[in-house]
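Under the heading domain 'NADP-dependent oxidoreductase', TrEMBL lists 31-292. According to TrEMBL, the feature active site, proton donor maps to TYR58. Marked as site 'Lowers pKa of active site Tyr' by TrEMBL: LYS87. For HIS120, the entry in TrEMBL reads substrate binding site.
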Amino acid sequence: MGSVEIPTKVLTNTSSQLKMPAVGMGSAPDFTCKKDTKDAIIEAIKQGYRHFDTAAAYGSEQALGEALKEAIELGLVTRQDLFVTSKLWVTENHPHLVIPALQKSLKTLQLDYLDLYLIHWPLSSQPGKFTFPIDVADLLPFDVKGVWESMEEGLKLGLTKAIGVSNFSVKKLENLLSVATILPAVNQVEMNLAWQQKKLREFCNANGIVLTAFSPLRKGASRGPNEVMENDMLKEIADAHGKSVAQISLRWLYEQGVTFVPKSYDKERMNQNLCIFDWSLTKEDHEKIDQIKQNRLIPGPTKPGINDLYDD
């Protein structure tokens, strides 16, 4: 298996026009400090992965940091080759806690700077009280203006090269854009063939915000059949191209100008997820994909759910 050259997407809302690799390696909360995690990341780097996505809430920053440090020491990559994203959890989603949280993530990752730092959810909760799901009783008002000013400060301090958000609806983005001096570079959201986010894509494109898809293969919740991976029409499209359904899904995202962070530590699948850049979907494929029934997979991080989280 050779190394694949991964195309990049320019983050137009960054002053340096930072380039983000189109595909990254996501890390799920089940990502622990076991040796196989480290091996998976080293393997990913050998295959060509440069973009690694984590979050304070995942508990995976330490393992990722150790693996990246080892890869750099082995001479596989330099820090400049890598693109590392982490996220601010809801307990620190308060103006005075942003910089300390960012510094803590850097320390855990053993890095001097992040490439991208995201607000994980448009929610704030009781500082220091980490529970998942988040108890609705612990929610506090989200000071979007104050938090974003602190995110902008992190950028000015050189702690991160770009700032953005995650799980923000069009309405939440409009609120943010009305108070932001520096526009968010990225919005990371659930996006897959059964949740195509057309309205959000249009809004983000119009405002220079690059979308990153999590759960791009609709994995990540054990609720019934997987409407993407078990879709007969997608299996037919895949067969016609001599590809897998996963590859069709990722290629569709790529053709929409969306970046994505699948979570796979299987050597073969990691490689398959990169083999999507030298072929295209047809107009007919796109027309069929447009017909897939749409519904959201990830309901939100609170218990019970809250109505206006996604504003839909």
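Note: Cβ is positioned from N, Cα and C throughout, glycine not excepted.
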Inter-residue Cα distance where the pair is the residue listed as 'substrate binding site' and LYS87 (site 'Lowers pKa of active site Tyr'), in Å: 5
All-chain count of other Cβ atoms within 10 Å of LYS87 (site 'Lowers pKa of active site Tyr'): 25
Mean of the pLDDT scores, which run from 0 to 100, over the domain 'NADP-dependent oxidoreductase' (31-292): 95
Cα distance (Å, whole number) from the residue listed as 'active site, proton donor' to HIS120 (substrate binding site): 11
Protein Cβ atoms within 10 Å of TYR58 (active site, proton donor), excluding its own: 20
